[in-house]
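Shown next, in structure tokens, is the structure this report addresses.
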Amino acid sequence: MVKHQPLQVYERQLCLSCLTGIYGCRWKRYQRSHDDSSKWECSWFFLLCCSFLLLLVWSYFWLEARNDYNEFNWLLYNRSAVWKDGTVPILTTTLTGFTYTAFLMILALCHIALGQQLNLYWIHKIVVLAILLTTITGVVSIDNFWQDEWDIVVISLQFTGPFLHIGALAAVTALGWVIASQVVRVERSRLQVVMLVIYVSVLLVLYLVPLCISSPCIMDLSKLGPRPAVIGRRGAPMLAPEHTIMSFSKALQQKVTALEADVTISLDGVPFLMRDRTLRRTTNVDKLFPGRQDHDASFFNWTEIRSLNAGLWFLRDDPYWTVQYMSEKDRNRTANQTVCSLAELLRLAARTNRSVIFSLRRPPPQHPRHQLWVSDALKVIQRSSILPEQVMWTPDWYRKKVRAAVPLLQQTSDEKLPVAELKERGISTLTLHYSQARAQDIRQFSGSNVSVNVYPVNEPWLYSLMWCSGVQSVSSDAPHILKKVPNPIWIMSADEYGLIWITSDLISVAIVIGIFIFQKWKMSGMRSYNPEQIMLSAVVRRPSRDVNLMKEKLIFSGETRVEIKPG
């Protein structure tokens, strides 16, 4: 009997087992393979990459769209007549899907880096395909339902572009480890060449991307204008029910410079504050006037409107998730709010020396005040104690008549017109959506003594961007948040940004070259071969379970005994 030493000492690789087990459900040693991945599995890896990248863009969209979450819910309400926070299920599914695909992407890249064959488990394939189709459906739906919101992505890139560039550069540079491990192999293939060309092209694009990045916040600090004034849009609707005296009082506590409101004319000619076409969302009209909840708000007289409760809905629906932070006193006060009239708002503004800006909705043609709506609003202004120059008049209807009746009113417009036409109409202030407020236009208007007010601005990053752009004021649902922004979040000179850009590129080049050199040295230094690898690769690939069992026995055998029988 001759006793030989074992062919090898098997060392358990727990990390590799977890990688191949979670990704492809290949928990046993003999199920792994260093062979090239099949075209079918490469196709699934491509779908995984598509799902990850699409979800990355989708997640970024909803992250930046936070400024307009309430606008999204309001659009949903106008379609369904039921108030609900539609962002919660979207954000939950997006976060879950992104986490799942990102985890699979990391596992797949680890497989490639370790030379393991890609073999995505069939359950993962189903989930990845479902995520991809769901995300595509979501993108198409938003494009049809909320198409204008895509502007937030372009605008936000002006603020996040420099940092996203550095993040993308770091990610692609790190990806060089995986690319280098595939390219420096001894055997050459067309796929390796294509992979290298694509990787180098992406790197070159990233190195030159800053040439296309333009941000108002890349400027000299000495050129930064004064802090934009904050206007309470419908008061402070995150802290109290919108368009109520409590909401406007909360806004005044946050040091706003003006109050903004939406005005509707009642059946008997009383201007009152209401955003919606109906009273259904913000009052208890369905209880006091059953059957009339879908009627136009202007078809109620002031006595009926005044009898409605305008605060209970806020406690019930909690549209901004802020009710839990309210004191017991504020909750009781909220529960007793009524619909506010324009006259009440003007008295409050006059008492606190604040300006008022409002948009006026014309009643339907069959309404008795259809031709008198402008006169009704003007009468309230003239009879109030507020100074005319503190009122900013927005409607374009009968503007000449309005200027003749009350010459000192501040004429404003929400239509972006040439400067000459604005001067001709006597307009001194433009109220624009943030998507229309480009930095060069703002500078042009400011140079012609036309101030610019931008709405809605609820997030500090957007406020900082508008500040750097030179706007004079912003309308906000969140004055309590903007109050905490004493300076732009970031601002740097062109020279400082150029230095950061060039330094990042040089560091990336050095790291990528170092990775390729190290991988080449590592590959060329492999002169000894693992007997296990030789034995397993020498076996013809068969799907047979017998072959797999034979491999496993060879791997796990502790010693080999050879018995020599006498001749």
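Cβ coordinates come from backbone N, Cα and C, glycine included.
According to TrEMBL, the feature domain 'GP-PDE' maps to 228-486.
Below 8 angstroms of C-beta separation, residues 87, 90-91, 94-95, 97-98, 101-102, 104-105, 108, 118, 120, 125, 128-129, 131-132, 135-136, 138-139, 142, 149-150, 152-153, 156 of the same chain, each at least six residues beyond the ends of the transmembrane segment (42-63), sit close to that stretch. Here TrEMBL flags 42-63 (among others) as transmembrane segment.
The transmembrane segment annotation in TrEMBL covers 90-114 (among others).
Look at TrEMBL and you will find 126-146 (among others) tagged as transmembrane segment.
Annotated transmembrane segment per TrEMBL: 152-179 (among others), in sequence order.
Marked as transmembrane segment by TrEMBL: 191-209 (among others).
As annotated by TrEMBL, transmembrane segment applies to 498-518 (among others).
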Where, among 90-114, 126-146, 152-179, 191-209, do we find the most CB pairs under 8 A to the transmembrane segment (498-518)? 152-179
The answer for the transmembrane segment (126-146), taking Cβ pairs under 8 Å and residues 6+ beyond its ends, is 44, 47-48, 50-51, 54-55, 58, 61, 72, 75, 90, 93, 97, 100-101, 104, 120
So if I exclude everything within five residues of the ends of the transmembrane segment (90-114), which remaining residues of that chain have a CB under 8 angstroms from its CBs? That is, six or more out. 16, 19-20, 22-23, 45, 48-49, 51-52, 55-56, 58-59, 62, 120, 124, 127-128, 131, 134-135, 138, 175, 177-178, 181-182
